[in-house]
Amino acid sequence: MADKKIRIGINGFGRIGRLVARVVLQRDDVELVAVNDPFITTEYMTYMFKYDSVHGQWKHNELKIKDEKTLLFGEKPVTVFGIRNPEDIPWAEAGADYVVESTGVFTDKDKAAAHLKGGAKKVVISAPSKDAPMFVVGVNEHEYKSDLDIVSNASCTTNCLAPLAKVINDRFGIVEGLMTTVHSITATQKTVDGPSMKDWRGGRAASFNIIPSSTGAAKAVGKVLPALNGKLTGMSFRVPTVDVSVVDLTVRLEKAATYDEIKKAIKEESEGKLKGILGYTEDDVVSTDFVGDNRSSIFDAKAGIALSDKFVKLVSWYDNEWGYSSRVVDLIVHMSKA
C-alpha cells in the first residue's frame, strides 16, 4: 500500500469540498479521482475552484475541462458527477475508495452510508455527527479501527479546542471550563436580514453584526476526550470576517500552575507529539495572519491571561476553512494505515 495513492472522492463542492480538493491536489500521498455536486455545471465548478476570495487563485497546475464529465488538473483527470441521491453515485467506477461527505446534509450514519452502496469503502463526514464516531487528529485518531466505515472529522472549532484542552488536561487537569469562539462568517448566514426559523439571530445580516450563536464544539470535546465529558461547554459569536476564527478557553485547573508554566507546556507539545496540529506563537498576531495556516490550533501566548494559579484564559487561533480541510485529508491518510 506504501506506493499506492489513496483515492478520494468528494461529495458537495462547497467551501470545505473545494478546499479539501485543493489540499488533496497539493499532496503526494493522496489523489482526487471524483467530485459530485448536482447543483453546479462542470464549467461553473472549474470557475469556483480556480478563484477563491479568501485563499486566492489556484496556481498549482492548469485546470481544464476535458468534457462534461471530466476535469483535467494538469494531466490528471478527475471524474465529475451531478447526482442528487448519494446511493446512485458510482464511486467504485471512478475508483474512489474514500469519500469526503461535505454537503452538510448527510451527516448521520444512515445517510452517509448511502455512499457505500456506490462502492465507496469509507466515508469521512466533514461535520460533527450525532451518531458517527468522531475523530480529531492529534487527539483520538489512534482509536480508529479499520472496521469503522463511516466517521466524522468533528467541527473546525472542536479541532481547534481539543488539542489545546488535551495538553492542559494531561499536564494540569481541567476541573471545568467554558469556551467562546469568535467565529468568521460561514455559508449558512445571510448577507442581509432574512428568514432563519431555527435560529432567529442567525438570520440577521452577517457583515454588520456580532451574532451570538450556539455551538456543540465544546461538548463534542467530551466525545473525543472522554476524561473531559461534562466538563466543558461553550458558545459562539459570529463576526464579520470571512475566514479565521479564535477560541477563548477559560478553565479551572486541578493543579496550580503559573501562566509561564502553561505556556511552556503548550510550547513543548507544539514541538513534539502535536507538531503540525498545535502551534505556538508569541508574536503580536491578528486574524488575517492565519489565513492558509494548515494547523488546527495556534496558541497565542500573549493574548491569554491568568487570574490566579488555578483560573486561566487561553486563546488559540484557527483557519476554520483551511486547517480543517487539511485535517480531513490527514484523517483519511491515518485510516488507510489502520
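In case you wondered, yes, glycine gets a Cβ from its N, Cα and C as well.
Thr186 is the only one of Thr186, Thr191, Thr258 that Swiss-Prot places in the D-glyceraldehyde 3-phosphate site (with Ser155, Cys156, Thr157, Thr215, Gly216, Arg238). Among the candidates Arg27, Arg84, Arg252, the residue that Swiss-Prot names alongside Arg15, Ile16, Asp37, Asn320 for the NAD(+) site is Arg84. Taking Cys160 (S-nitrosocysteine) as the reference point, the binding-site residues whose C-alpha atoms are within 10 Å of its C-alpha, out of Ile16, Thr215, Asn320, are Asn320. The D-glyceraldehyde 3-phosphate site is defined by Ser155, Cys156, Thr157, Thr186, Thr215, Gly216, Arg238, and by the 8 Å test on Cβ atoms against their centroid, the other residues of the chain that qualify are Thr181, His183, Ala217, Ser236, Ser245, Asn320. Ranking the recorded positions Cys156, His183, Thr186, Arg238 by Cα distance from Arg15 (NAD(+) binding site) puts Thr186 first. Per the record's binding annotation for D-glyceraldehyde 3-phosphate, residues Ser155, Cys156, Thr157, Thr186, Thr215, Gly216, Arg238 show a top Cα-Cα distance of 16 Å. Reduced to three states, the DSSP call for Arg238 (D-glyceraldehyde 3-phosphate binding site) is strand. Its Cβ placed at the centre, Ser155 (D-glyceraldehyde 3-phosphate binding site) has 21 other Cβ atoms within 10 Å.
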